[in-house]
């Protein structure tokens, strides 16, 4: 199964909020994926085997996978758009 | 009525891993979750408690004897083990009245928005636990439930005010529009602000240092397993353990630090549907108005100054813990001091030199207040069966968030005169912070014109 990762400062709170939400939204659309909250300090390890990275912060560098905006899932602003990006990344 | 009361007493006596899930089912159904979902979330919460219990027990079993051996060997008494924020969050959620903090935070936020006292809509329902912990500490010191809720309520109001004031500063640092941080750790900025002003008199402190480059070089040390291994190994060394024992302690310590967030995540998984429903409700309620959305601090986690500051402070914290007279805490799970680094980032506008200096100056404050609260925290852990703390050992959090606010206001609740004087000074500093940070935000806006 393809993997989505969400990173925040501890891999516990913010990232898990977003991860739970994305998982729910994907389930509703019938899309199978593993959504995992991770610690941003270990991001380089986790990014190697994921299909898409949802960032809570403004990403400072280039990553080998598509990066989506996690703030949208917290505020609700532009959420559909970001969800589409996640879905496209999972399909490709 | 008597049977109801004996039922409640019966459930409470089962301890947090059983009674908190009971509360969760009731709250979940009240928030219109399906029965199946509510039961699943409640069980996950119970699993989180048991999981944290196992990891804390494991940490105490491996670190405790090493700390005793360290004391015998060096003469330095560090008999309080640092369980970090995840342990304290477990303790907070174990309070039977914890869930009442949700309506308190929501109610105060709505009231302040309606009366235009704030422009911040706090949708970060996870960090309700910070207010719960404050309440629990007030209760532990003063024994008064009303005072516990009053001090926590004050904190809700203050963090919204800081959300307003810090918004432009956070935007400048993160470039994320429309959001701010309502995490109460910003309360420590009140103490940092005057110090940062003093630093204006020291030449050379406005020099810019590239944190990104440093983060690339030393970032690996901040990873949980690496940090755990180093601290465990150091402890073993100074406890004059054999090489085998030292290496084993290192890996055990690495395991504790790695497992803490993995298990703590379960709390969030259990609470996510609830917090989702509530934040949705709040957003809909105020959809017509231009508001700053209050989020948890990691929106700033991309600012590498935070990580570099926290890593640089690790050896400093360990050294100070060993040499400061009266400090009894052995820094471990809480050693990455975000409680300092995040407010320091906001107050200095991301000046790395100043952030590190602020950390050097205030680390003793964190250690002493963590030592002060240790017996209270240990007591609460035993009362609620939330954490497994062996007899003769104590647990605390070396980098307790906003230690000064919590210390002063628990003293006020206990009726101490010194506490009341402290609170007046603190509130004075708060209004100074608000006034000056507003001015600075205005100056930044003018610069851009």
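Each Cβ is built from the backbone N, Cα and C atoms, and glycine gets one as well.
Record features (TrEMBL):
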{"type": "DOMAIN", "residues": "B:8-433", "note": "domain 'PTS EIIC type-2'"}
{"type": "TRANSMEM", "residues": "B:6-31", "note": "transmembrane segment"}
{"type": "TRANSMEM", "residues": "B:38-60", "note": "transmembrane segment"}
{"type": "TRANSMEM", "residues": "B:93-114", "note": "transmembrane segment"}
{"type": "TRANSMEM", "residues": "B:135-158", "note": "transmembrane segment"}
{"type": "TRANSMEM", "residues": "B:178-199", "note": "transmembrane segment"}
{"type": "TRANSMEM", "residues": "B:220-241", "note": "transmembrane segment"}
{"type": "TRANSMEM", "residues": "B:253-274", "note": "transmembrane segment"}
{"type": "TRANSMEM", "residues": "B:295-323", "note": "transmembrane segment"}
{"type": "TRANSMEM", "residues": "B:329-348", "note": "transmembrane segment"}
{"type": "TRANSMEM", "residues": "B:355-377", "note": "transmembrane segment"}
{"type": "TRANSMEM", "residues": "B:408-434", "note": "transmembrane segment"}
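Between the transmembrane segment (B:178-199) and the transmembrane segment (B:329-348), the number of CB pairs under 8 angstroms, six or more residues apart, is three or more, so the stretches are in contact. Long-range contacts of the transmembrane segment (B:220-241) within the same chain, counting only residues at least 6 positions beyond its ends with a Cβ under 8 Å from a Cβ of the stretch, are 62-63, 66-67, 69-70, 73-74, 247, 249-258, 260-261, 307, 310-311, 314, 318, 330-332, 335-336. Through the fold, the transmembrane segment (B:355-377) approaches residues 80, 82, 88, 91, 137, 140-141, 188, 191-192, 195-196, 199, 205, 305, 308-309, 312-313, 316-317, 320-321, 324, 326-329, 331, 334, 337, 339-341, 344-345, 347-348, 394-400, 403-404, 406-407 of its own chain, all at least 6 residues removed from its boundaries and within a Cβ separation under 8 Å.
Using the rule of three or more Cβ pairs under 8 Å, pairs at least 6 apart in sequence, the transmembrane segment (B:38-60) is not in contact with the transmembrane segment (B:408-434). Residues 134, 137-138, 140-142, 144, 147-148, 150-151, 154, 158, 161-162, 165, 189-191, 193-194 of the same chain, all 6+ positions outside the transmembrane segment (B:408-434), place their C-beta atoms under 8 angstroms from a C-beta of that stretch. Residues belonging to the domain 'PTS EIIC type-2' (B:8-433) score a mean pLDDT of 94 in the model. Long-range neighbours of the transmembrane segment (B:329-348) within the same chain, counting only residues 6 or more positions beyond its ends whose Cβ lies under 8 Å from a Cβ of the stretch, are 59, 63, 67, 70, 78-87, 166, 169-170, 173, 181, 183, 185-189, 192-193, 196, 222, 227, 231, 235, 253, 256-257, 260, 297, 300, 303, 305-307, 309-311, 313-314, 317-318, 321, 354-355, 358-359, 362-363, 366-367, 370-371, 374, 396-403. Long-range contacts of the transmembrane segment (B:93-114) within the same chain, counting only residues at least 6 positions beyond its ends with a Cβ under 8 Å from a Cβ of the stretch, are 12, 16, 19-20, 23-24, 27, 45, 49, 120-122, 125, 128-129, 131-132, 135-136, 139, 145, 149, 152-153, 156-157, 160, 267, 278, 282, 285-286, 289, 291, 384-386. For the transmembrane segment (B:135-158), the list of distant contacts is 91-92, 95, 97, 100-101, 104-105, 108-109, 112, 184, 187, 373, 376-377, 379-380, 405-406, 409-415, 430: same-chain residues at least six beyond its ends, Cβ to Cβ under 8 Å.
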